[in-house]
Amino acid sequence: MPVDVAPGVIKKLMFFTAAMVICPLLTFFSIKQFTTNTIVSGGLAALAANLVLIGYIVVAFMEDTTDVKAESKKD
């Protein structure tokens with residue numbers, strides 16, 4: 001059973017998946033260069049992961065759903 005998924009949705013998902021992996025790792029090791037305290041590095045990496053997640057939620061809520069609304073009115 002094929003499902004029609006818009007290419008834009010897949011691109012957003014792939015972008016935020018990569019960002020969820022890359023941003024915290026980059027933050028952790030970048031901050032670790034400036035300080036030896038791994039708790040600070042880990043905390044900021046967790047903050048980076050949360051910011052990516054919040055960004056994904058905001059983008060998901062702002063996504064255009066006019067096609068879905070038009071089809072539900074037809075039925």
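For all residues, glycine too, the Cβ spot is worked out from N, Cα and C.
As annotated by Swiss-Prot, topological domain 'Cytoplasmic' applies to 1-8, 63-75, with the evidence given as sequence analysis. The topological domain 'Lumenal' annotation in Swiss-Prot covers 30-41. The transmembrane segment feature in Swiss-Prot is assigned to 9-29, 42-62.
Assigned with DSSP, the residues of the topological domain 'Cytoplasmic' (1-8) fall into helix, strand and coil as follows: 2 helix, 0 strand, 6 coil.
Sorting the topological domain 'Lumenal' (30-41) by DSSP state (H, G, I as helix; E, B as strand; all else coil) yields 9 helix, 0 strand, 3 coil.
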